[in-house]
Amino acid sequence: MQMNFSGLRALVTGAGKGIGRDTVKALHVSGARVVAVTRTNGDLVSLSQECPGIEPVCVDLGDWEATERALGGVGPVDLLVNNAAVALMQPFLDTTKEVFDRSFNVNLRSVFQVSQIVARSMIERGVPGSIVNVSSMVSHVTYPGLAAYSSTKGAMTMLTKSMAMELGPHKIRVNSVNPTVVLTAMGRSVTSDPELARKLKERHPMRKFAEVEDVVNSILFLLSDRSASTSGSSIFVDAGYLAS
C-alpha cells in the first residue's frame, strides 16, 4: 500500500525482522524518517544498508532503564509502531517466572513505556499523532502453551483502548492490528508441527495464514490520515478466523 508520509518521523520497535522490518521499509519508501529499534545490532546493520538514512537504535526493550537511556531523548516522533514481542511457549502449569516476566516486559511494559515517551513529546509539541500496537488474534482466542503470550496480547487490547481514551483529546489516535499466524520466522516456529498447522489453517474460513504484507498494509492505513476518525479500534488480519 503506497502512502505519503513525507515530513513525518516514525519510530518502529521490533524493527529487525518480520513485520517490524517490512514496516520500516514501507515507511522509508513512503517518505518518512524512521527510527528503527531492535536488540540485534546485526539486523540494524543490514536494515540500514537496505534503507539508507534510517536512525538505528539497538536496545533491549525488556530493560526499562536501558530503554529510557536509549529513547528518552529520541526527539519528535509523529508515528509510532509498537511491534516488539517475544512468543515464549510453555504450558500454563509449567510457565516460569522468567518466561512470565520476559513476556510482559517486552510485549506489554515496553509498549507502555515507549508510548509514554512518544506521546509526551507529541503533547509538548502540540501536534497530532498516530500509534499502532501490533497485537494478535490470541488477544481474543488462545491455544495450549500460549498462556503468557496471549495474556500480554489481551492486556494490550485494553491498553490500546485506555491510551485512545486519554490521548484522544490531544489528537493522538491509538489502534491495534491483530493478525492470525503470520508467515514470519516466529510464525513458522509456532506452526512447525505440520499437523497443527493443517488443523489451524482449516479453522480459517479463507484457509490461509497472513502474509507480512497484509499486516503492514493495515499498519500503514492506521498510521495514515485515511483512518483519521479511527481510534481505540482493532483490525483483525485473521482470514476470517474470529467469524468462525
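Easy rule for this one: first residue shown is 1, then count along the chain.
Here the Cβ of each residue, glycine as well, is placed from N, Cα and C on the backbone.
Positions annotated as active site, proton acceptor by Swiss-Prot: TYR149. Residues or ranges marked as NADP(+) binding site in Swiss-Prot: 11-39. The annotation substrate binding site is assigned in Swiss-Prot to SER136. Annotated phosphoserine per Swiss-Prot: SER176, in sequence order, evidence recorded as similarity to another entry.
Figure note: comparing Cβ neighbours within 10 Å for the binding-site residues ALA15, VAL35, the maximum is reached by ALA15. Applying an 8 A CB threshold to same-chain residues 6+ apart, the list for the residue listed as 'phosphoserine' reads VAL132, ASN133, VAL134, SER135, SER139, MET156, THR157, THR160, SER233, SER234, ILE235. THR23 (NADP(+) binding site) sits 16 Å from the residue listed as 'substrate binding site', taking the Cα positions as reference. For the pair ARG39 (NADP(+) binding site) and the residue listed as 'active site, proton acceptor', the Cα-Cα distance reads 19 Å.
According to DSSP, VAL35 (NADP(+) binding site) sits within a strand segment. Each of the recorded positions LEU11, ARG39, TYR149 was scored by the number of other CB atoms within 10 Å of its CB, and the largest score is that of LEU11. Close to LEU27 (NADP(+) binding site) in the fold, though at least 6 residues off in sequence, lie PHE5, ALA10, VAL12, VAL34, LEU79, LEU220, LEU223, each with a CB less than 8 Å from its CB.
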